[in-house]
Amino acid sequence: MNFDAVADQQMTDRRYFALEVAESDDADSSLNSSSMGSPAVDVGRKVYKITSHKGSAEDESQSFFTSSDSPTSKTRPVGKTIENDDYYGKRSSTGSSLKQLFNKININDTAHSSNKENVSQSVLSENKLLSPSKRLSKQGLTKVTNSKFRTPLRPISNQSTLSRDEPVKDFRSLKFRSGSDFKCWGDEKTSSHVHSSSVNSVNSFTSTTSSSKWKFWKNDNLLSRSLSSRSVNDQDPNFVQPKPTNSLQKKSSISSFHNSIFGGGKHTEKKRNSGFIMPDHQSTKELNHKHSSSNLSFRSLKHKTSHSSLNKLKVRRKGNTQELNHPIKKTCQISLPVPDQVSKDKIQLKLKNSTSLASLSSEVTPINTLDYNDSILQQILQLCDVKYILHDLREAQSLGLFTLNTRSVQLSHNFWQTYHSDMQTSLICKKVCLGALSDLTTSNLISLHELKSLRLIQGTSGVANLLQAYVVPSNQCENDQNLILYLFFKYQGTPLSRCSNIDYSQALSIFWQCSSILYVAESKFQLEHRNLTLDHILIDSKGNVTLIDMKCCRFLNIDNNKASYTRLDHHYFFQGRGTLQFEIYELMRSMLPQPISWATFEPRTNLLWLYHLSSSLLKMAKKAVVSGALNREENILIELTHLLDPARKHSKTIFKKELVIRTCGDLLSLKGEIMQ
């Protein structure tokens, strides 16, 4: 065996180990001092010359190269420093120059208490072989610096750094728990280059920090690259890493920590091979950017699950304006089922028997709004005396029609009193604006309904007789396209709302006249006035009563036997509160069958308006009478009001017949009994 080559290789490795620990300036000074043979002492670094116990270099060489079979020769264990040189044989001649350099290096691993993360103290045994030098004297407690890690430029005394690096020591203790692993490496002699001191320091860290808690997976972004073991990366490639325990396999961040420490890329591998050690803060940044496989899988899963829902939300929010070409909208296609012939027949049969307005048997058909208005206007013109629209009032005068003049007096919002020049008689003119939005109580359809009712009941006593009707443009402004319907009646007196000084006898006369008129119209045409206010009752000088304004009435058309009515579900009829008039509207709607059908004939609605009339007459007569004494007419009027009161409770009598009033005919049949 060539012992010279082995000794030279060990000495060369030991020299590389020492040069890596010492700083460049201190190393140069040490080399200069060793070449001069002077025992240079560096007080700041605590480097002392170690004197040899042997006399000559030849004896050292001979003792170093002693055969391995001799009892005094022992194998130097890997990872232990040299404490006693007496057990080695002869050394080579080339090691004499290196001996002087090693004698100047104090192998000291004593660390300050605030710098525990960089250095460690290892107490060595005297019975173990520590160095390839053969003639070094026996020293007590010789120490070796952790030559694998560079000495920091300034001492680290921050306690947070100590707590940050302690988990790394625990992890290293997991990998290398006992010193037997290192002995196996030395016995196999397969390692090309093993740094014993660094491995020993890691082993010492394991013994001192074995009681610390394992929380390094929570602070993996704070790990220092400087504490990663380079000796592990430089170890034998055939070495099999020990598997982690089952408890650590359950932690998802163990894999990320292992990959960040042992799975370095090409860039970090080049730095390690070149002897460059990355600073702590730079390595921390690199480890901070490395994510574990569990975190990456969780993020990708979260992104996949939320991607489709976000796209659907965008489609709903943005609508059809911005997402016409969206791929999701292209796939969202709805296919409607196509019914067979049997299903079609069933649907048609149900629609024919349906009572809805859109049923197949209904006469209601879809039509354009303009066409609908033109159709209503043509029907109005057919009921007028002039079958076309006049240009202006001058044309009406030329045709001999009644017109409004300067002597006309406005009685109400729509009624005027005028005089004819030839007849010297007064007339009542009703002015209706067709298609105007200002008056919600009128429309083309309502005007048509009123014209039909007037033409139907014309000649009936107590109802205003229509004399003339025609349509003229408004001409209030240049762009005005509204039409005005003029209705002329014979003068029948003034509205009851404007009358004053009415006594109880006159009040009773007005009440019974209105009841008789409604009874005739009710019996003949099934007519319900449905809007008999004081303005729609005219009183002449002789006390005769005339009913006007039939736009809200309901009647039966004799020609086609169909009911004609006006819907009273508009909010205009129910917007008032606190007055008896609007309470009557509510009571009328409650009397109609549910669902509400305004075409149903309900004669009790006329009784409701007679109750409204008796209550109003009772108040008006009290104001006119000065004396406080009650008379007979007043008692009768009070009794009528009580009988027509819809809130009256029917008394249960045995010997007296209960008065049941459901129509105006029933009320008139009780007239003789009430007036007695």
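We count from 1, first residue shown onward.
Note that Cβ sites are derived from N, Cα and C of the backbone, with glycine treated the same way.
Residues or ranges marked as region 'Disordered' by Swiss-Prot: 53-93 (among others).
Taken from Swiss-Prot, the feature compositional bias 'Polar residues' covers 62-75 (among others).
The motif 'D box' annotation in Swiss-Prot covers 150-158.
The region 'Disordered' annotation in Swiss-Prot covers 228-312 (among others).
Residues annotated as compositional bias 'Polar residues' in Swiss-Prot: 232-259 (among others).
Confidence over the domain 'Protein kinase' (383-672), given as mean pLDDT on the 0 to 100 scale, stands at 86. Residues annotated as domain 'Protein kinase' in Swiss-Prot: 383-672.
In three-state terms derived from DSSP, Ile389 (ATP binding site) belongs to an extended strand segment. Residues within less than 8 Å, Cβ to Cβ, of Ile389 (ATP binding site) and separated from it by at least 6 positions along the same chain comprise Leu381, Val471, Val472, Pro473, Leu483. Look at Swiss-Prot and you will find Ile389, Leu390, His391, Asp392, Leu393, Arg394, Glu395, Ala396, Gln397, Lys430 tagged as ATP binding site, backed by similarity to another entry.
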Among Ile389, Leu390, His391, Asp392, Leu393, Arg394, Glu395, Ala396, Gln397, Lys430, which the record lists as binding ATP, the farthest-apart pair of C-alpha atoms sits at a distance in angstrom of 19
Counting every protein chain shown, other Cβ atoms within 10 Å of the Cβ of Glu395 (ATP binding site) number 13
Around the Cβ of Leu393 (ATP binding site), other Cβ atoms within 10 Å, all chains included, total 18
Within 10 angstroms of the C-beta of Gln397 (ATP binding site), the count of other C-beta atoms across all shown chains comes to 12
Under a three-state DSSP reduction, the secondary structure at Gln397 (ATP binding site) is helix
